[in-house]
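Copied from Swiss-Prot, the annotated features are:
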{"type": "DOMAIN", "residues": "41-138", "note": "domain 'Yippee'"}
{"type": "BINDING", "residues": "C45, C48, C101, C104", "note": "Zn(2+) binding site"}
Amino acid sequence: MGLRYSIYIENPLSSPSSSYKSINDPLFHSQHRSQKNVSFITYGCRHCKTHLSSSFQIISRDYRGRTGTAYLMNKVVNVVEGKVEQRRMLTGDYLVCDILCHWCKRNVGWKYLQSSNDDQQYKEGKFILELKNICKCT
């Protein structure tokens with residue numbers, strides 16, 4: 001992998017070793033998932049292909065971002081957080097920050113920091129990846 005990857009993601013079905021290679025400790029672990037008949041996809045920045053997350057980290061595919069369809073993700077890597085701001089969304093007010101690809105600095109989504117609604121607090125610490133800003137990496 002190129003130097004642009006602090007962490008890169010490898011298909012766990014193709015290698016007997018850990019599926020997440022890192023200079024540091026691995027950040028991802030597919031927990032309690034059967035590896036039979038599971039389609040593994042690595043998602044990256046659409047512009048520079050830096051790895052961001054995997055299909056094993058998707059919580060929901062039923063989200064809308066600024067540019068259209070988005071995924072709610074449990075973990076992402078290789079991003080830097082932008083300025084913290086308050087945003088009004090369909091489900092309430094949130095304290096969020098944009099997340100930028102650490103290599104090319106393009107916006108790929110945002111991180112939920114705090115929710116004003118108790119029933120939306122499960123989103124805190126989770127990430128939105130906008131599909132128009134990401135791609136499938138092979």
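Glycine is no exception: its Cβ is also placed from the backbone N, Cα and C atoms.
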In the structure shown, with every protein chain counted, which of the binding-site residues C45, C104 has the densest set of Cβ atoms within 10 angstroms of its Cβ?
C45
Which of C48, C101, the listed binding-site residues, has fewest other Cβ atoms within 10 Å:
C48
